[in-house]
Amino acid sequence: MALRFPRFSQGLAQDPTTRRIWFGIATAHDFESHDDITEERLYQNIFASHFGQLAIIFLWTSGNLFHVAWQGNFETWVQDPLHVRPIAHAIWDPHFGQPAVEAFTRGGALGPVNIAYSGVYQWWYTIGLRTNEDLYTGALFLLFLSALSLIGGWLHLQPKWKPRVSWFKNAESRLNHHLSGLFGVSSLAWTGHLVHVAIPASRGENVRWNNFLNVLPHPQGLGPLFTGQWSLYAQNPDSSSHLFGTSQGSGTAILTLLGGFHPQTQSLWLTDMAHHHLAIAILFLIAGHMYRTNFGIGHSIKDLLEAHIPPGGRLGRGHKGLYDTINNSIHFQLGLALASLGVITSLVAQHMYSLPAYAFIAQDFTTQAALYTHHQYIAGFIMTGAFAHGAIFFIRDYNPEQNEDNVLARMLDHKEAIISHLSWASLFLGFHTLGLYVHNDVMLAFGTPEKQILIEPIFAQWIQSAHGKTSYGFDVLLSSTSGPAFNAGRSIWLPGWLNAINESSNSLFLTIGPGDFLVHHAIALGLHTTTLILVKGALDARGSKLMPDKKDFGYSFPCDGPGRGGTCDISAWDAFYLAVFWMLNTIGWVTFYWHWKHITLWQGNVSQFNESSTYLMGWLRDYLWLNSSQLINGYNPFGMNSLSVWAWMFLFGHLVWATGFMFLISWRGYWQELIETLAWAHERTPLANLIRWKDKPVALSIVQARLVGLAHFSVGYIFTYAAFLIASTSGKFG
């Protein structure tokens, strides 16, 4: 018999129905379940696929650089970053005739183009790129790295170059190399780039391959480093009148601790960032020499964990057994990595707008909104994935004997307490927050807005004041002008911080009130409920009182047949599936809040947010409805404008989103009947019946249909909001 897809599963390859195709796609990356898989081959396959992933990333970033260099307006933008709109790439074939051509010919281009809302122009400008030639050079270099990655992936699948399992499980060596090499050396290299290329470029000096060996980044060269006079590198920083990209008002410092923002670019001082990366580099270079490898010095992680037994005995055997549990479970390691990456990605969303690192990006409002929203959604998907792989760990890799009475086993032992506490917190937050919102709605409906319940977030305001925000009048810590910390801050550390935190032109520590208090608790409800579903899914993955043998059914099962009632919807996969809806819901509230607060801030009418955000109708009417007006006017009987593409994306997003419900609400029988009717008609229709199939068409399984429904729901949801966000922001601010 000829080899049929999927080759990795003979059982599936012999399936006579279309299930073969869908199950084949679904399990293609579940290497553990493939025929003839060994632990060694599993690790080697994953390792090789990392090279493929890197190749794709390098190719993609190379494409960004290449298209901007070829079709963009980078060199024009550099001359006037605040007034020229950055072009992402050309539009080859604008449909809908001459009005479309005119609507999309922008940014000084000769033909229709797309505007870039990704912030790459600001990023490239900040790190010292100035010409299209620079961009082409970068694109070629990344293309080379991409090819190198592909060769590396191929090489590591050859017998001679395949790493052994022992190499993959050498945790100390991997940690040392990742800490020192990945974080330490790359941070040091980045400091080098900032000091040698980016900072000179910000002062009007062009450093390239032809002159970088004879341009001193600092007038005194390496002298201060070797004589211990490091503070000389911080003397004479750029002045507050410095014009970015020119020598006017520039200084000579390379490593500073100024704090706050460059007055013209509204971004962090480049010299502060170089200093930051140098500090990070030193920390990680030291951290990467802490663990015991071939040399017999340093820490053994296993010894560290075995020693972690709390003296009071309240955590049982502490971390005993954890080293082998984690080191032998790829899912546990992936769960930890995803949890960390998810948190970092959300922090990136937060810090990219509150502490902008790139010159002039803070004044590009649409880009700010797009980047915040993008990173929060990505973070949501990554974090839910962490719990999914945590659950798979419990089902496939967890060994109760190895973990007796340690912290992991104790999590399982008192899971009822954990789950019920999370449930209580979610219920409390939900009912109280909704109660306040609805009460306020009713008061407005009755024409008595003064009877709203408006709660000032005094604790959060106190924390903001402690960091130096004076407008609340708390007079505490850094906002107390007579305190020693305040006076020291003026001269020793971050003198620019206190100015920045009290300026209204940035997004540092925004002024908050009752509307913020309410939406904060709505978001807290979403976070706690998402966490509840995910934690319950992982802790109940091995079994529950209702279904003690759950782990024998695997990660995703629909039910245990008709004879065992109540076993539907309780697989670990179902928990993940439900949690994603809550995650999307929560990030919806987060991005609505961020966007509305910033729109009113940028337009100078913060009172609109403050007054309308305290009741639900305010959100629906003054945020969603009011800001969709430009969007739904992307085209009308008189033609179209440059927002039309977002109007269509908005409609298309709704369509995809609604299609999701078709898969989520109906089950297999309906589709099976429909499929058989369609197949009957197909076989009896002339011409059509020339096309035959070998596999008998069958409906998707319950779990697959849910996945397809969830995918459409998620993609449609995000498409719809992305179009709304970009159109409403760019429509207002150009």
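Here the Cβ of each residue, glycine as well, is placed from N, Cα and C on the backbone.
The following features are taken from Swiss-Prot:
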- Cys559, Cys568: [4Fe-4S] cluster binding site (BINDING)
- His654: chlorophyll a B1 binding site (BINDING)
- Met662, Tyr670: chlorophyll a B3 binding site (BINDING)
- Trp671: phylloquinone binding site (BINDING)
- 46-69: transmembrane segment (TRANSMEM)
- 135-158: transmembrane segment (TRANSMEM)
- 175-199: transmembrane segment (TRANSMEM)
- 273-291: transmembrane segment (TRANSMEM)
- 330-353: transmembrane segment (TRANSMEM)
- 369-395: transmembrane segment (TRANSMEM)
- 417-439: transmembrane segment (TRANSMEM)
- 517-535: transmembrane segment (TRANSMEM)
- 575-596: transmembrane segment (TRANSMEM)
- 643-665: transmembrane segment (TRANSMEM)
- 707-727: transmembrane segment (TRANSMEM)
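All features noted in Swiss-Prot, drawn onto the structure.
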{"residue": "Cys559", "record": "[4Fe-4S] cluster binding site", "DSSP class": "coil"}
{"residue": "Cys568", "record": "[4Fe-4S] cluster binding site", "DSSP class": "coil"}
{"residue": "His654", "record": "chlorophyll a B1 binding site", "DSSP class": "helix"}
{"residue": "Met662", "record": "chlorophyll a B3 binding site", "DSSP class": "helix"}
{"residue": "Tyr670", "record": "chlorophyll a B3 binding site", "DSSP class": "helix"}
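When the binding-site residues Tyr670, Trp671 are compared by the number of other CB atoms within 10 angstroms of each CB, Tyr670 has the fewest. Taking residue pairs at least 6 apart in sequence, the transmembrane segment (369-395) and the transmembrane segment (417-439) share fewer than three C-beta contacts under 8 angstroms. A distance of 19 Å separates the Cα atom of Tyr670 (chlorophyll a B3 binding site) from that of Cys568 ([4Fe-4S] cluster binding site). Taking the C-alpha positions, the distance from Met662 (chlorophyll a B3 binding site) to Trp671 (phylloquinone binding site) comes to 10 Å. At the 8 Å Cβ cutoff, the transmembrane segment (135-158) and the transmembrane segment (46-69) share at least 3 close pairs (sequence separation 6 or more) and count as touching. Taking every recorded stretch in 46-69, 273-291, 643-665 and counting its Cβ pairs under 8 Å to the transmembrane segment (707-727), the highest total belongs to 643-665. Candidate binding-site residues: Cys559, Cys568, Trp671. Nearest to the residue listed as 'chlorophyll a B1 binding site' by Cα distance: Trp671. For Cys568 ([4Fe-4S] cluster binding site), the same-chain residues 6+ apart in sequence whose C-beta sits under 8 angstroms from its C-beta are Pro558, Cys559. Look at the binding-site residues Cys559, Met662 and count other Cβ atoms within 10 Å of each Cβ; Met662 has the fewest.
Within 10 Å of the C-beta of His654 (chlorophyll a B1 binding site) there are 15 other C-beta atoms, taking all protein chains into account.
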